[in-house]
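Colleague: Just dropping this structure here.
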Amino acid sequence: MVMLRKLSGAFTGGVLGGLLDSFNIWAMGVVGISDLIGIGMKPEFAAPWLYQRMIWGGLWMLLLVLPVLRQRIALRGMLFSLLPSAMMLFVVLPSMGKGMFGLGFGTLMPVVVVGLNFLYGIVASYWYAKASS
């Protein structure tokens with residue numbers, strides 16, 4: 001039962017982090033931050049795009065079950081967010097035709113991906129810590 005609560009907390013934290021991450025990316029486009037920093041990615045806030053990101057967010061944060069940096073909640077979230085960041089920068093964005101690191105969207109794209117994923121990881125890790133205690 002304890003493991004089920006941990007898995008549930010990790011997945012739910014990742015889903016919530018994915019929701020926040022998706023909202024942030026969308027909001028950056030809407031308010032003009034993306035244009036200001038030269039990022040050409042402005043997704044439409046639509047259910048298929050959002051659900052996919054939330055489910056993947058939950059799956060990635062199942063990593064929180066691993067016994068790493070348990071007492072350092074923010075650092076732990078940031079550490080585990082590096083894996084989905086790497087997936088985006090080395091697999092997803094290049095497969096979209098935007099080149100390695102997604103530089104086709106703009107030179108600051110890697111910074112945006114890692115920075116927003118840090119927030120995603122921190123939210124997920126915080127939720128997990130509260131849900132599994």
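Using the three backbone atoms N, Cα and C, a Cβ is placed for every residue, glycine included.
Note that TrEMBL annotation is computational and uncurated.
Since this is a predicted model, take the numbers as computed values, not measurements.
Feature annotation from TrEMBL assigns transmembrane segment to 51-69, 78-96, 108-129.
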Colleague: What residues elsewhere in the chain lie close to the transmembrane segment (108-129), defined as a C-beta under 8 angstroms and at least 6 residues from its ends?
Modeller: 6, 9-10, 12-14, 16-18, 20-21, 24-25, 28, 37-39, 41, 57, 61, 64, 73-74, 76-82, 84-85, 88-89, 93, 98, 101-102
Colleague: Would you kindly list the residues that approach the transmembrane segment (78-96) from elsewhere in its chain, counting only those six or more residues past its ends and only Cβ-Cβ distances under 8 Å?
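Modeller: The answer is 56-57, 60-61, 63-64, 68-69, 102, 104-105, 109-110, 113-114, 117-118, 120-122, 124-125.
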